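> There's a structure below that I have some questions on.
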Amino acid sequence: MKKHSARVAPLSACNSPVLTLTKVEGEERPREPPGPAEAQAPAGTEAGGRTSRHNWTCSQERLKKVFWGVAVVFCVCASWAGSTQLARLTFKTFDAPFTLTWFATNWNFLFFPLYYAGHVCKSTEKQSMKQRYRECCRFFGDNGLTLKVFFTKAAPFGVLWTLTNYLYLHAIKKINATDVSVLFCCNKSFVFLLSWIVLRDRFMGVRIVAAILAIAGIVMMTYADGFHSHSVIGIALVVGSASMSALYKVLFKLLLGSAKFGEAALFLSILGVFNILFITCIPVILYFTRVEYWNSFDDIPWGNLCGFSILLLTFNIVLNFGIAVTYPTLMSLGIVLSVPVNAVVDHYTSQIVFNGVRVIAIIIIGLGFLLLLLPEEWDVWLIKLLTRLKVRKKEETAESSGDLGTGPQSRSRRARPSFAR
């Protein structure tokens, strides 16, 4: 298998630690070996100056990533919460969730053109779109994107993508946006369970706890509104959407591995092409069977449809390519922060009741989501941190006791000459 640099997995809506399943698969740049001067660490002011300059550069880079992270978190939160609320608003006048799914997925075609525009602006070595396309097609194998590869490695993901979005949008018709957004956060727990079973990922007890919390939150959310038909169906739809998304990510890791930014953009554009070619017939059938019917095309809220599509496209662009400028964990926070945003909007625009059971369920699912953001070596880091704090406390205690011990001795030494007189 060929190696890639600057990797990112598509549809990173709830990957772990952000959005790359269970491992950070952002830019996998090997750490450069230290130079001779740094390796030998020469004594003197020169070595100290180099160390201070190196630390200053590292701190600047980290600070820059944090600032970018705040911007990315805001974009993820705003686009995800905005698309959810706009979909709910659209269904008041246009009751066609599958048609909305089809329309928004068509916009995936823009991924590769947008990526190429960024490549032309940023890259020093300019390539034509055809050259860049051929290079990215190597991701699918030595023969590139053949008809067989299209139907075996792209079509299944196109179906999963459509199911994920359709079930999510259909659930918004049944239950409020707050419940939908928080239940979709269980996606990370499902990814962990599937990757543990299928991909043989490392077992982590804290992630098992997170999965248990997610399941408990689903049960409590069902109990919050009572076991009414609309509530149960809506919750089942969201859980199904989260499951389809988790299956999408795990299968992508299993069959395709991870991709460069250009390869991911090409893959997502291919999903848009698949949607146009093979999914278009379904909205047509639903229209003529009056399952999703509207009187005239003038009744379609085109502004809402385009706004939802732009927000969803922005959400996926930021999640898939934001890893180039910030930490994956910061990006994931935008997903969970969209829950309180939806809660505030629902409080003022709908008749949602935040009873004790619903609030506890939201907290439990959110806690499980945050536990899945912990890195694999979090326990080692925690032990090191506690050890450092313990050593520092001992040093401070020793220094304070030393100061108390030297104080009387110094005073007695100063007092001795006066007694000698």
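A Cβ is built for glycine as well, from the same backbone N, Cα and C atoms used for every other residue.
For 37-49, the entry in Swiss-Prot reads compositional bias 'Low complexity'. Look at Swiss-Prot and you will find 411-421 tagged as compositional bias 'Basic residues'. Marked as region 'Disordered' by Swiss-Prot: 25-53, 394-421. Summarising the annotation, Swiss-Prot assigns transmembrane segment to 66-86, 98-118, 149-169, 179-199, 208-228, 232-252, 266-286, 305-325, 326-346, 352-372 and lists sequence analysis as the type of evidence.
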> Tell me, please, if the transmembrane segment (266-286) and the transmembrane segment (179-199) are in contact, taking contact as 3+ Cβ pairs under 8 Å between residues separated by 6 or more positions?
no
> I'd like to know if the transmembrane segment (66-86) touches the transmembrane segment (305-325) in this structure, counting it as a touch only when three or more C-beta pairs sit under 8 Å and are separated by 6 or more positions.
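Per Cβ check, the transmembrane segment (305-325) touches the transmembrane segment (66-86).
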> Under 8 angstroms for C-beta pairs, at least 3 of them, ignoring pairs fewer than 6 apart in sequence. Is the transmembrane segment (98-118) in contact with the transmembrane segment (66-86) by that rule?
no
> What residues elsewhere in the chain lie close to the transmembrane segment (66-86), defined as a C-beta under 8 angstroms and at least 6 residues from its ends?
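Beyond its ends, the transmembrane segment (66-86) has Cβ neighbours at 172, 177, 180-181, 304, 307-308, 311-312, 314-315, 318-319, 322, 325-327, 330-331, 333-335, 337-338, 341-342, 345.
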> How about long-range neighbours of the transmembrane segment (232-252): same chain, 6 or more residues beyond its ends, C-beta under 8 Å?
9-15, 21, 156-157, 160-161, 163-168, 170-171, 173-175, 179-180, 183-187, 190-191, 193-195, 198-199, 218, 221-222
